[in-house]
Amino acid sequence: YLVLIWLFLRNSFRFIAKPCAINLGIQDSGPHRAQPNAILEKVFTSITKSPDGKRLEGLSKQLDWDVRKIQRWFRHRRNQDKPTTLTKFCESMWRFTFYLSIFFYGIRFLWTAPWFWDTRQCWYNYPFQPLTSRLYYYYILELAFYWSLMFSQFTDIKRKDFLIMFVHHLATIGLITFSYMNNMVRVGTLVLCLHDASDFLLEAAKLANYAKYQRLCDAFFMLFGVVFIVTRLGIYPFWILNTTLFESWELIGPYPSWWLFNGLLITLQILHIIWSYLIIRTAYKALVRGKVSKDDRSDVESSSDEEDVTSNSTKGVFSTSSNGSNRINGHMVSGQWTEE
């Protein structure tokens, strides 16, 4: 039921986020629409959305259009079905609200928990550790939210990182469920809180980007990048994996599910490395060019003639055209960018 509640709240949150977006000057207008053309529309809907060179030449002769004009038509046609900036702003505002709230709830709860300061406490008296109401609600809220992300991923616009995010959601849901069923909730809370530490900063950067507060966007992204790399490549392996791989082995031995549990945790670490690479590449390009270039995961393509010429040389990791969904649903910065 909580999954349905999260999905309902996500859709209802638009009534709060939309007025905020309008006050910031964000209009509910989509990309440039392609001019009506029955022949090209039939090719687009029935054959291919991205015709190759041979088909472009054939269409050019059939319509007596320049090839570049046909390419531009297909680009506009692909883009016109994409979500508007206002829609992406509302989605990012919803995620920002959740991630920020759950992060502070987790920090407040864990600050008084002994295993937050000494990870060996995660395994003392295991598996006979009490499940408090606060710990239970923390777990169940996170689990329901990630299930809602899993379901919404199939209804949202499909991103280039769909498979990576799908694996991420599966691993996260598997870890939360598995750790709950095996009463490994103490170490589970550490994993959850650590991952929530950077997510709200990414969504804040997206919000600033959509509102065209570029300096604020850059600052949030740089802060996000630092926090992400420190937590996912530093704290996670040396704090979380250390206790699940070595301290647990020492204190309670190789319990039957030890290999599966740590396999899922290592899967997350691999994803952390991939995303960290994307973030570092974005930051490098920002330093070289003075701005962040296009998001490799972007769901809206460039449309100007100039972009036709330079698109292959300017792809980075973000652009204003990308969907405000995701986790990492993208990573970004200056000039153009985006996403979870």
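Positions of Cβ are set from backbone N, Cα and C atoms, glycine also.
Whatever TrEMBL says is automated annotation, not expert-curated.
The feature domain 'Homeobox' is assigned by TrEMBL to 40-84. Annotation source TrEMBL lists DNA-binding region at 42-85. Annotated domain 'TLC' per TrEMBL: 87-288, in sequence order. For 96-116, 136-155, 162-181, 220-239, 259-280, the entry in TrEMBL reads transmembrane segment. Residues or ranges marked as region 'Disordered' in TrEMBL: 296-340. Residues or ranges marked as compositional bias 'Polar residues' in TrEMBL: 314-328.
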Per the 3+ Cβ pairs under 8 Å rule, pairs at least 6 apart in sequence, do the transmembrane segment (162-181) and the transmembrane segment (259-280) touch?
yes
Take every residue in the DNA-binding region (42-85), average their pLDDT values, and give the whole-number result.
80
Grouping DSSP H, G, I as helix and E, B as strand, the residues of the DNA-binding region (42-85) number 30 helix, 0 strand, 14 coil
